[in-house]
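Each remark here refers to the structure printed beneath this line.
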Amino acid sequence: MYLQTLHLRNFRNYQHQHVDFSAQKTILIGNNAQGKSNLLEAVELLASLKTHRTSRDADLVKQGEATARIQAQIQRGYGTVDFDLLLRNQGGRTLKLNGEILRRQLDGLGTLNAVEFSCLDLDLVRGGPDCRRQWIDNLLIQLEPVYARILQEYQQVLKQRNALLRTAKKLHRNQAAIPTDLTQQLTLWDLQLAATGSRVTRRRSRGLLRLMPLAQAWHRDISSQTETLEITYCPNIPWQQDDPHHVQQACLDKIEQRRQAEQHQGSSMVGPHRDEIEFSINGTPARFYGSQGQQRTLVLALKLAELQLIETIIGEPPLLLLDDVLAELDPSRQNQLLDTIQTRFQTLITTTHLNSFGADWLKHSQILTVNQGTLQPYARPLSETYGP
């Protein structure tokens, strides 16, 4: 898997920019707020059709423009793919693969696989449960693009069910009886929540089971065999057997237990939208007691495990996007990460300086300067020599 070219038009602070990626490793160097992260965000959009920085396409369109466009040529094991994504300021997208408009944009998922690692990923450990749910969901979409539809179906069911529960809450507040038709509607949506929720929770469990031994091995290596990582999936629906009927029944049983509380609160209190994932180091919860260094080691191990798992399942190494992350790692962890990458993964790295990179890395990298949304080849000082 190789991103050969990228063309941006009116995307963020880029007006018109074309990039030919001429090396396995590309370093984007520049001061803050020049557009380094914006370029990585464009690649993230190609991989996941969303960005961790905003949920509004209007934020992605250059100020004063009506549309933005991202075009890319991607080399896969099965051939070359032309990817064309048009974003509109007023909403609505058009996605083309090899010139053909996709009726369902989710069909574009899986064309490009990428793992992003930024300073914001420390929230994986110290942030709330929603950060960890979003993390595992994003990984599962990379591994199995159909999971995006499964997740979308669940969220639609959740939205409809919550609307009914809000109606029930108003009736409770007014001390009015809940009409039979509302009770019947809720029963139907209970069944839908159990059916769609079981698909989400079972896939999350299986994904974490596959990821955990890889993350544990990386964590032991990075910590010089001094620490043991444990990842525990804590589903909101307690289930013991990986069987759809068993999980659905477990969900319905818990809904029945929490029915009065849900109607009083006006929202769904049962389902995978309330799942938690816990990380512990040597038996101690990393979220509350892990040092900053331990938390960074944990996230680094998770990212390396993601790369390994995606490569194993997809059969091709994904892209790696490193957004100003080297500054967050000490020299030992920097070396661990850079040594692992080498030429195995196509890598795009943003940085404000080149001090973290060895001579061999710089010699075999494409280095681009980013300045106010414009890319230029890095002008190496005459004193810089990276060998013959």
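Residue positions begin at 1 at the first shown residue.
Cβ coordinates come from backbone N, Cα and C, glycine included.
Taken from Swiss-Prot, the feature ATP binding site applies to Gly30, Asn31, Asn32, Ala33, Gln34, Gly35, Lys36, Ser37, supported by sequence analysis.
The Cβ centroid of Gly30, Asn31, Asn32, Ala33, Gln34, Gly35, Lys36, Ser37 marks the ATP site; residues of that chain outside this set whose Cβ lies within 8 Å of it are Asn38, Thr350, Val370, given in sequence order.
Long-range neighbours of Ser37 (ATP binding site) (same chain, six or more residues apart, CB within less than 8 Å of its CB): Arg53, Ser118, Asp323, Asp324, Thr350. Put plainly, the binding-site residues Asn31, Asn32, Gln34 were compared by Cβ crowding within 10 Å, and the winner is Gln34. In terms of local Cβ density within 10 Å, Gly35 ranks first among the binding-site residues Gly30, Gly35. The Cβ neighbour count for Lys36 (ATP binding site), using a 10 Å radius over every protein chain in view, is 26.
DSSP assigns Ser37 (ATP binding site) to a helix.
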